[in-house]
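Engineer: Have a look at this one.
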Amino acid sequence: MSEIHLDRDVLSTLKEVMEDGYLELLDTFLNDSEARLRVLHEARDAEKLSATAHSFKGSSSNMGAIRLAELCGELEQRAKQPSLGGIEKLVSEIDSEFAHVRKLCREEREGFHC
Amino acid sequence: MLSDLEPLTVLIAEDSAADRLLLSTIVRRQGHHVLTAADGAEAVDIYIQQRPHLVLMDAMMPVMDGFEAAQKIKQLAGEQLVPIIFLTSLTESEALARCLEAGGDDFLAKPYNQVILAAKIKAMDRLRRLQATVVEQRDQISRHHDYLLNEQRVAKAVFDKIAHSGCLSAPNIRYLQSPYALFNGDLLLAAFNPAGDMHILLGDFTGHGLPAAVGAMPLAEVFYGMTAKGYGLAQILREMNAKLKRILPVDMFCCATLLCLSFQRCTVEVWNGGMPDGYLHDSLSGVRTPLPARHLPLGVLTPQLFDDRTEVHPMSLGDRVFLLSDGVIDTADDNEQLFGVERLQQVFSANREPDCLFEDIQQALRDFRGEPRDDFSMVEVRLVAPTQLNPPPPVYSDSGQSSPLDWSMSFEFRAQTLRRFNPMPYLLQLLLEVHGLRAQSGALYSVLSELYSNALEHGVLGLDSSIKRDASGFARYYSERNQRLDELNSGHVRVHVHVTPHGDGGRLVIEVEDSGKGFDVARVLARPADSNRLSGRGVSLVRQLSHQACWSDDGRSARVEFFWEALA
């Protein structure tokens, strides 16, 4: 189940690419994502919502956060539609998915330390 | 995974910090130097300052998006190719198309794949180098072109100095040459000889460009040098041919028509080697007699095989000789059809105003093709009264202080020499060492030439000048002259020269004797000076130009005197 939250293969590639920068990458991703989540919660216009979801989708996919990237993609598409119904539900799904991802990232961080 | 290509400076424009970090690390690990920007405006600033080789550009960024930034960078890069690879998780084809319209060269989809990224950077670098090479080579070609044009300008300026030392500006010459005809191998020269006759050469070297122009220099030198010294066409042609044969590579030669217009004798002497037909236009009858090529071009045959035989045609005042280069008749239309001689002759027959012939021909060429070639030359020379021309006085380089004043000398030229040697230029140069005679060099040369050719043609060769009474007789006379000269094996011409002081100046006596049968002096001298248009001019010319002309020994010996006053 955790493969959907954070793809192990992607992580090991990233570890190989980043070497010592791996931890910084994890931290940066988490900080970035938290900032984006805040924007998603506060955003009042559809365009801002869609653009933020788009960026979030991109960086999530790079980190192997497959499910999170999917949800962001759905939000991006939904925000482009005339009726904004269901947006709040999607944002809260993204919230909880990110919570999983964050937990896994932190474990990864601890593991990398050892 | 360091690549084998030279390290590039890569600008990464990406607003997401994690993606930027990841991408920077990947690109750096591939051996490149990385610059980063978090939005489009920053990317443009960094591009201006650091001029990276390649840009990885996120499409969606705050402040200035990737599309706008890409457009600005492409504009700033100008002719340089700065490849822009769009980083995108965009999937809609419309959005992808926007990336290309903004100047993007490729895409890279998220999540990033290192192998694909490396391959794309490599491919883009190849493109970038290709473009740089093309631009560099184009600039090089353009520099070489400018250099070549400049060389041509300089060469043309030098050449014009030489070519225009002649008399192309004489009132009886009209010519038209495309500005850089010289570099298409065309050559037009004109000069007066010491007798006031005019030599004209229209030449066309094989080939184009500088090689074609180079041969023109020695040719012009021979033409002017020998014309000024009084050499005849045959000797000038021999010298030109020998010189070109010696210096030009085998595949290069010079088609040429050489004319000698004598305003006193009213004749034109023609040699045409490989040029298109020239035309002799009779102003009264309107008839145009072609002057076709009878010889191979200059520079082809060895001196032994070279044929310097010329044709002589009578002319009347107002008659014209027209010469042209093959650029005129070889002008081709869109269907590769040539303008041709027939069309030229149609222009001739339609021409009403002789002074507008060039314009008529140019118009016909334009009608035929739309645009005339850049390598045509046309020249037209009119026979005018000698008084209408002002041959420039010859320039002498010495001070004249060594002028010999009291001497005499005798020559005897025998058959074998008479056949191929014209002593006139040597005699003239010798006489012009006498400073006081220089002012009369034209008359001196005319008289000397006349006496010599009378002695040779009527005396030694026994030709009857009355054959020359009409145009066909004229041609017969000269062909007979050539034939008898070729077969000559006896006879002589003697020239005696006496220079003595006379008062404050001096006196020159020239006697010319021949081994011929002589003539009835009293009868010839009794004839009015211009009773006959074509023949018998010689005697009256001699009497007109010199003092004390008299004949003895039944016309076998002629004697003339020249006087000069004290020099200022």
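A Cβ is built for glycine as well, from the same backbone N, Cα and C atoms used for every other residue.
As annotated by TrEMBL, domain 'Response regulatory' applies to B:9-125. The 4-aspartylphosphate feature in TrEMBL is assigned to B:ASP58.
Show me how these features fit into the structure around them.
Structural biologist: Under the three-state DSSP scheme, B:ASP58 (4-aspartylphosphate) falls in the strand class.
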Engineer: Within the domain 'Response regulatory' (B:9-125), what mean pLDDT does the predicted structure show?
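Structural biologist: On average, pLDDT over the domain 'Response regulatory' (B:9-125) sits at 89.
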Engineer: When secondary structure is assigned with DSSP, how many helix, strand and coil residues does the domain 'Response regulatory' (B:9-125) contain?
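Structural biologist: Final tally across the stretch: 57 helix, 24 strand, 36 coil.
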Engineer: Would you count the other C-beta atoms found within 10 angstroms of the C-beta of B:ASP58 (4-aspartylphosphate) for me?
Structural biologist: 28
